[in-house]
Amino acid sequence: MTAAQAENPILKSLNAAQRRAVTSNASTVAILAGPGSGKTHTLTSRVVWLVQQTGCQPSDIVVATFTVKAAREMKERIGKVLGPDCERKIVLGTFHSIARRYLSAYGKHIGLDSKFGIADDGDSRAVIQRICKRHDFNIDPGYARSWISKKKAKGPAAEAAPNKKQPENPSLNECYREYQEHLERSNLLDYDDLLVRCVELLREYPACVSNIQAVLIDEYQDTNGIQYELMKLFAQARQRITIVGDPDQSIYGWRSAEIRNLYRLLRDYPDTDEISLEENYRSSQSILDVSLTVIQQDKKRYQKVLLPVHTKGARPVLRKLKSSAAEGDWIVSEIKRAVMMFGDMLTYEDVAILLRSASLSRHIEAALGKAGLAYRMIGGHKFYERKEIKILLDYLRAIYQPDNNDAIARIINVPRRGIGDTTIKRLIEEAEQLKISLWSLLRKHCQGSRKATTKILPKMEAKLNTELLRIISNLQTQAQQITEDSQHTLVDLIEKLLSQLDFKQYLESEYPEDHEQRWQNVQEFLSLANDFVRDAANLEDEMLPEIDNVDQVKDDSILGRFLANVALASDAQKNDEGAEKKAVITISTIHAAKGLEWPIVFVPSVYAGSIPHSRAEDLDEERRLLYVAMTRAQALLYLSCPLYGSQGMGTKVELSPFVSPFASAAFAKQGASFNRPILEGVAKILGRDLPSEKAIFAKLPTMFSPEDNLFPVDPIDTRDAEGQEDAEGYRPKGPKRQRLNNQGYGNDDEEAAEERPWKKEYSTTMEQASNFTMASLPGFMSAGAHQNALSAAAAAEAEKEAAAKKTVKMGTTRRKADQSSLLGFVTTASKKPAAPGGGFGGPDASMARYQLAASRSAARMAAETKAPELPKLPAVDPSLAKHKLASGNALNRPSVIKKEDDKSSKKRYHCFSSSPPRPAGAEDVKEEQATTQEVPAPDRPATSFHRTTFVSAASRGGVRRPVGLGPPPGLDRLRKPFKPLTITRPAKPQ
DNA sequence: ATTACAACCTTTTTT
DNA sequence: AGGTTGTAAT
C-alpha cells in the first residue's frame with residue numbers, strides 16, 4: 001500500500017485482506033467473509049473509503065442490509081466516522097425500507113398512489129383466507145400465501161423457466177390474481193410488492209437513481225431474486241457494487257434467498273474482485289473447530305477456511321439434561337457459575353441463549369424467572385404484534401387509509417359493539433361485491449344513503465355511528481393538520497384516540513388480569529411514537545437526494561411514515577436512555593442473532609425436531625442455522641439437549657443429527673472447570689482484564705459449586721423404567737446403563753428420585769480412589785460424587801475436606817444437601833443467610849474450594865484423551881489483578897495474536913471465478929459480521945416481556961426488572977443517547 | 001341465528 | 001399468548 005494509505009486511520013484497523021477489500025478499485029467487489037471476520041467493519045470502512053478517498057457523495061451511496069438491526073448498526077458506525085451529516089445522507093436501510101422510500105417519492109411514475117400502505121403478514125393472511133374460503137379453493141391459505149410470496153420474490157430471472165414443473169393448481173393463480181386485486185383496491189403493497197414495484201420503478205424511470213455511485217449489500221447470501229434485480233438496478237448508472245456474504249450463513253432460504261445470486265453476480269459482472277476474509281477474530285479455536293465440524297457435514301458446501309486468531313480455549317460443551325425444565329435450570333446454574341467464577345469480568349450482559357424457535361423460550365424463561373434473573377427477548381413475539389398495540393395501529397391505519405378494509409374489519413367490534421364475526425364477514429363480502437370499501441359501505445349505511453343488505457340491529461348501528469365512524473372521521477381531520485402545524489403531533493392524535501375509545505377502561509374490562517401491563521404497553525407505544533416524531537423532525541431521515549430534473553413527491557405524512565416504519569421494523573427498539581444499564585441475559589432466536597456475538601452462548605434444545613426443525617424442508621439450511629448459532633460464541637459455547645420432551649411423559653427426544661455423530665468426540669459433557677488457564681484464555685479472547693483469584697473468590701457466595709455438577713451428566717429418565725413405549729427410532733445410546741450417580745439434582749422428579757432405590761454404590765470406590773478426578777469412562781460420571789463431596793465439605797471445615805469425602809454416603813440424605821446447595825446458591829446470591837451447616841463462609845474457604853476444584857480439573861484434563869491443550873499463560877501480575885475493573889471495560893479487543901505463516905496453508909476461494917459451471921445446488925459464499933458485542937439488539941421494552949416470569953423475578957429481591965416501567969418518558973428525551981461505537985478490530989494483524 | 005364465554009390445542013425462522 | 005373449538009345465553 002502507499003504511504004498515504006498507511007496513514008489513513010481507516011485502514012489501520014484492517015488486516016491485509018480487509019484492506020484490499022476496502023480499497024479495491026474494481027467496480028464490483030465480492031467479499032466472502034466467514035463468521036467473525038470483520039465483515040461489517042469492512043463494509044463500513046469501504047463506505048468511508050468511498051466517501052473520503054474517491055469523492056463519492058454520501059447521498060449517492062446506497063447501502064442495503066437485510067435486517068433493521070444491521071442497518072441501524074451500520075448507520076451508527078458510519079455516523080461515528082463520517083459524522084452525522086453523512087450518516088443522514090447515505091441511503092441506508094433494509095431493502096424493503098429503501099424500496100419504500102423510492103416508491104413513496106417516485107411511485108407516481110408507475111402509477112402508484114404515494115399514500116400506499118403496507119400490508120403486513122396478518123393482512124395478507126386474512127385476505128387470502130377470505131379468497132380461498134369464498135371460492136372454496138381447496139388450498140391451504142398458508143400455502144397459497146407462501147406460494148404467492150415466492151413467486152414474487154423469485155423475480156424476473158426465474159420467470160422463464162419454471163413452467164415445466166407440473167400442473168399448477170389453477171386456483172392458486174386465481175387466488176394470486178384476486179389477492180393482488182384486493183391489495184390494489186386498498187392501496188396496499190405487501191412486503192414483496194415493495195420490491196417488485198421498486199424494480200418496476202427503477203426500470204421504467206431510471207432517472208431517479210441516476211445519481212447513484214455505489215451500491216453496497218450486506219448479508220448478500222440472504223438476497224433473493226428480486227433483491228438481486230433491485231441491486232442491479234440501483235447500480236445501473238455506475239455499476240459499482242460491493243457485496244459481503246457467507247454462504248455458510250445463508251439461513252433465509254425459506255424466504256426465497258438464493259445462494260445462486262453469488263454466481264449470478266460473477267456472471268453478470270465478470271470483472272468482480274473476489275476477496276475472502278478468513279481470519280476469525282471472534283471465537284476461540286475450539287469453538288471454531290466444532291462449528292466447522294458441524295458445517296462440514298454439508299458435503300456440497302463451498303469449502304472455506306476459518307483461521308482462528310485466538311487460542312484454543314475451553315472445550316465446547318454438549319450437555320444432556322433430563323427434561324426441558326432441567327435444561328433451563330442447568331442453564332441458570334451454569335450462567336451463575338460462569339459469572340461468579342469470572343469475578344467481575346463477565347456479566348449477564350455477556351450471555352446469550354439462542355433458540356431455533358421462539359416458542360422454545362418458555363422453559364428458559366421459567367427457569368430464569370425462578371432464579372430472579374432478568375432477561376431480554378429478541379425475536380419471537382414482537383411488540384407491535386401485541387393485541388392492544390395492534391388495535392391502536394389498526395385504528396391509525398383506518399384513519400390514514402379508510403379504504404383499508406382489513407384494518408376496519410378488525411376494529412369494528414373492538415371495543416365491543418355487539419357486532420360479531422359473522423356479521424363482519426358479511427359486511428366485507430357485501431362491500432367486496434359492490435366494489436366499494438367497507439368504510440364507505442358503513443358510512444353510507446349509517447347515513448341512510450344506502451342501506452346495507454346485511455342487517456344490523458338498530459342498537460348496534462347507533463354504536464357504530466357514534467363510536468366508530470365518528471371517532472375515525474374526527475381523527476382524520478386532526479391527522480390532516482399534523483403535517484402542517486406542529487401544534488398537533490402524532491402523539492396527540494394517539495392520545496385523543498385513546499381517550500375517545502376509553503381505551504384504558506376497555507383494557508380493564510377486557511383483560512382484568514392483565515390490564516396494567518397492557519396499559520403500560522400502550523404508554524410504551526406512545527413514547528415510541530414520540531421518539532419517531534422527534535427523530536423524523538430532527539434528522540430529516542430517509543429523505544432521498546434531490547436530483548436535477550427529477551421531481552419527487554414529499555407528501556409523506558408523518559402518520560404514513562410512522563405506519564410504514566412499524567410495518568417494516570417489527571422490532572420495536574427502545575432507546576433506553578442508558579437509564580439503567582441493566583446487565584441482562586439475552587434470549588434470541590438464532591435468526592435474530594445473526595451478526596451478533598457474545599462471550600457466552602447457550603444453544604438449548606439441540607434435538608431432532610427442533611434444530612432440524614420438524615417442518616423444515618431444507619436440512620442443510622437447518623445445519624447452517626446451528627452453525628450460525630455456534631459461531632456467535634466468543635469464549636464459551638454450550639449446547640444442550642433434554643432427553644425427554646417437555647410435554648407429558650411420552651416424547652423421547654433424540655439428539656440432533658447435526659451433532660450426534662461426533663457428540664462425544666468433539667464436546668465436553670459438562671461445563672469446563674474454570675481454572676486459571678481457562679479464565680485467562682477467556683480474558684484474552686475478550687480482551688478484558690481478569691481479576692485476581694483473590695478478588696474472584698472473595699465474592700463467591702457460600703454453598704457455591706464451582707463445577708458444573710449440579711445435574712447428572714447422563715440423565716436417564718425414571719419413567720423409562722416403567723415401560724415407556726419406545727418411540728419409533730428411539731434407542732437409548734448404548735446399552736441401558738444403570739443409574740449410578742445420576743440422581744436428579746434438578747428440582748423435578750424429586751419424589752421419583754427419592755424412591756428410586758440405589759442400585760449400586762460401587763462407583764464411590766472409584767471416585768474415592770481417584771479423589772476428585774473424573775472418571776473418564778463414558779457413563780460413569782462422577783458428578784454425584786463431586787456433589788457429595790462438596791456438600792459434605794460444606795458441613796465440615798475446608799481442611800477436612802478429604803476426610804469428609806470418605807464419609808459421604810450415597811443415600812437419600814445426601815440429596816437434601818445437594819438441593820439446598822442449588823437453591824441456597826440461588827437465594828444466596830442476593831440474600832445471604834448462612835447456609836445450613838455453612839462452614840464455607842469466608843473467602844478463605846472459597847479459595848480452598850477453588851484450589852481443590854482446580855487441581856481436580858487439572859487431573860481430569862490430564863486424563864481426558866482429547867483434553868484441549870491450554871497454553872500456559874503467565875499469571876496476571878497480582879498488582880494488576882487488584883485493579884477493579886470498570887464494568888464497561890468489555891469492549892476492547894487486545895491486539896490479536898495472529899499466526900504468521902498461515903498463508904501457505906490457507907485455501908482460497910479458488911473456484912470463485914466467473915461463470916462458474918453452476919453446479920445445481922452449489923451454494924457458496926457468504927459472510928458474517930464481526931459485530932461488537934456491545935451492540936446487542938435493541939431491547940424490547942420490559943413491559944413486553946413475558947410478564948409472568950417477570951413478576952416472579954421481580955418478587956424475589958435479587959434482580960431488578962430490566963427496565964423501569966415508569967410513566968412514558970418525558971419530553972426531556974430530546975437527545976438520542978450517544979452510544980459510543982465500538983469498532984473492535986484487532987489492532988493490526990500485520 | 002348470533003354473540004359471548006370457557007375450555008382446549010398449537011407455536012419456525014422475518015421484511 | 002393466540003387461535004380454535006364447544007357450549008350457554010341473548
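Positions of Cβ are set from backbone N, Cα and C atoms, glycine also.
If you check TrEMBL, you get these features:
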- A:12-284: domain 'UvrD-like helicase ATP-binding' (DOMAIN)
- A:A33, A:G34, A:P35, A:G36, A:S37, A:G38, A:K39, A:T40: ATP binding site (BINDING)
- A:285-595: domain 'UvrD-like helicase C-terminal' (DOMAIN)
- A:424-485: coiled coil (COILED)
- A:709-762: region 'Disordered' (REGION)
- A:852-990: region 'Disordered' (REGION)
- A:853-862: compositional bias 'Low complexity' (COMPBIAS)
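According to its DSSP assignment, A:T40 (ATP binding site) is helical. Cβ crowding, taken as the number of other Cβ atoms within 10 Å, peaks at A:S37 among the binding-site residues A:S37, A:T40. When secondary structure is read from DSSP and collapsed to three states, A:G34 (ATP binding site) falls in the coil class. In the shown protein chains, 33 other C-beta atoms lie within 10 A of the C-beta of A:A33 (ATP binding site).
Just so you know, the Cβ of A:P35 (ATP binding site) picks up 31 other Cβ atoms within 10 Å once every protein chain is counted. Considering only the binding-site residues A:G34, A:G36, A:G38, the Cβ with the fewest other Cβ atoms within 10 Å is that of A:G36. Per-residue pLDDT, averaged over the coiled coil (A:424-485), rounds to 84.
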